[in-house]
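J.: Before I ask anything, here is the structure I am working with.
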């Protein structure tokens, strides 16, 4: 009789343990072991436990292919989260690790493979087990493999009406679910009226991707040199500064004509501003002209810093109001949450758990499906929070998202190309640019190292059928009806694969942190970034009063809701896993572990650089500290 030593590790989160029956069968090239119940004296499979057992086989099994786990109900149903299984062969030797990291729900069998990836093209897919006698559980597994269109003109998403339809593997752990359902903003309150602070937020606020170099003034923004001369440095002109590359533009044309919300029977208002900014040699980036509509005219004046102070202040408030709509719905929701969901669904549909790309992406897709389902039902639904408090709530947010999706490009998701395209490579104190480029390089190097462990040459990528089916699903199903996106439906070499995976990981980590983590800081003082406006844009500079400003800003209930939701979404999460930390050890090979260790070392160097850079700064930029970036989109 051959005796194998089997170790089984239970999850560490709340309710991971089980009192149900657990059986194991070892399957090798020469046969399989006895079906063995795992039962030691005392309690087995407690939360965080690592239990050891003996499993016997009448003959040597040869090289092990997989471990079959079975869970059967004992009195009541009790789900179980298995982290991994290790198997030590008879007579000692090297123990093999079989990563699991999934929930076993109902009376179910799960077959898990050994963690080492050898020849990718030799792997066959292990199907997700379905328990047909338990319809709710069965439906949850099936919905993982289906696309649906939540609304036309935006990326497809998971087919789940609410988060309850998701399988437990992609749902929040109990601690996070309880927390979900259950600083800098003071600085903002002191300085929000100041022009330099307005300019700083264009660079390092929650929407730092809009600013672009202005080589010539748009035809619909008739700013003259005389208008802005007083805002320029001595002995220069607007024409000279345009040629020198010191004039920048933020254009909210995408907001023009978007349907507006009606809240408690009262119409809300939006604007589509153009804002001209100047990189002053002494004052930094400052706004020098604002037009609150796309069509110039008597009723659309150009506001200037030397206008009556309240008129200039209200013009800046209107720009910041447009900023709220764009950063929440486009920079945040569309360009991080919905984009990464495409990778989530395609990965679950097309890649088996033993595939190296599945293992690489899985930690960076954690919780994203559930938070997106909650967002669709609680935030941006027909009766959600945005409908109650945001000027584009309801139809407007969909129209805005559809417009952005039509012009979304794959290249714009790569920060090096994005900054070049916007002409924003030389702006001073653009900490978002500097830090995101460092993080992109670190992530790209990490991905390149991991891919090189498993793909030796370009032909390995081309000849991996699962990988090619995966990219086809992403390009043709996930990013449907977006002709300008520019992502091929096939991967031709390692470089293309590395770039694509880097985009997915960068977007789910650094880019999401840049747009999400500071939103309470910028929005808690609501006049700085109002979620809605209750009066139309001003047409007469001299008629602006403090009463007009107060009547335009959100009312008390809207203000409270804006503060509450931005605090809830922007605060540190209770079970956050920082970038580069992998508590679930999907990779067991020493070469892969070495690449992970180098990645962590590079992130530590970036952390030290950012902390050193921020020492003594009046307004530190710490949103892209690696220790403050989550490994995935969880909120």
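Yeah, the Cβs are placed from backbone N, Cα and C, and that goes for glycine too.
Per TrEMBL, domain 'PLAT' is recorded for 2-118. Sequence annotations record features per position, and here TrEMBL assigns Ca(2+) 1 binding site to 17, 78. Residues annotated as Ca(2+) 2 binding site in TrEMBL: 39, 40. If you look up TrEMBL, you'll see 103 marked as site 'Essential for stabilizing binding to COTL1'. The annotation domain 'Lipoxygenase' is assigned in TrEMBL to 191-635. TrEMBL lists 332, 337, 512, 635 with the feature Fe cation binding site.
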J.: Setting 332, 337, 512, 635 aside, what same-chain residues sit with their Cβ within 8 Å of the center of the Cβ atoms that define the Fe cation site, listed in sequence order?
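T.: Near the Fe cation site, beyond 332, 337, 512, 635, sit 333, 336, 371, 515, 516, 569, 633.
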J.: Under a criterion of Cβ-Cβ distance under 8 Å and sequence separation of at least 6, what residues of the same chain contact residue 40 (Ca(2+) 2 binding site)?
T.: 51, 52, 53
J.: For the domain 'PLAT' (2-118), jot down how many residues DSSP puts in helix, in strand and in coil.
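T.: Across the domain 'PLAT' (2-118), the residues distribute as 0 helix, 64 strand, 53 coil.
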J.: Please give me the CB contact count at 10 A for residue 635 (Fe cation binding site), counting all chains in the structure.
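T.: Result for residue 635 (Fe cation binding site): 22 neighbouring Cβ atoms inside 10 Å.
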J.: Using a 10 Å cut-off on Cβ-Cβ distances across all protein chains shown, tell me which of the binding-site residues (39, 78) has the largest neighbour count.
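T.: Ranked by Cβ atoms within 10 Å, first place goes to 78.
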J.: What is the number of other Cβ atoms found within 10 Å of the Cβ of residue 17 (Ca(2+) 1 binding site)?
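T.: I count 21 other Cβ atoms within 10 Å of it.
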J.: Tell me the Cα distance separating residue 39 (Ca(2+) 2 binding site) from residue 337 (Fe cation binding site), rounded to the nearest angstrom.
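T.: Cα to Cα, residue 337 (Fe cation binding site) and residue 39 (Ca(2+) 2 binding site) are separated by 43 Å.
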J.: Nearest by CA distance to residue 78 (Ca(2+) 1 binding site): which of the recorded positions is it, out of 39, 103, 332, 635?
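T.: Going through 39, 103, 332, 635 one by one, the closest to residue 78 (Ca(2+) 1 binding site) is 103.
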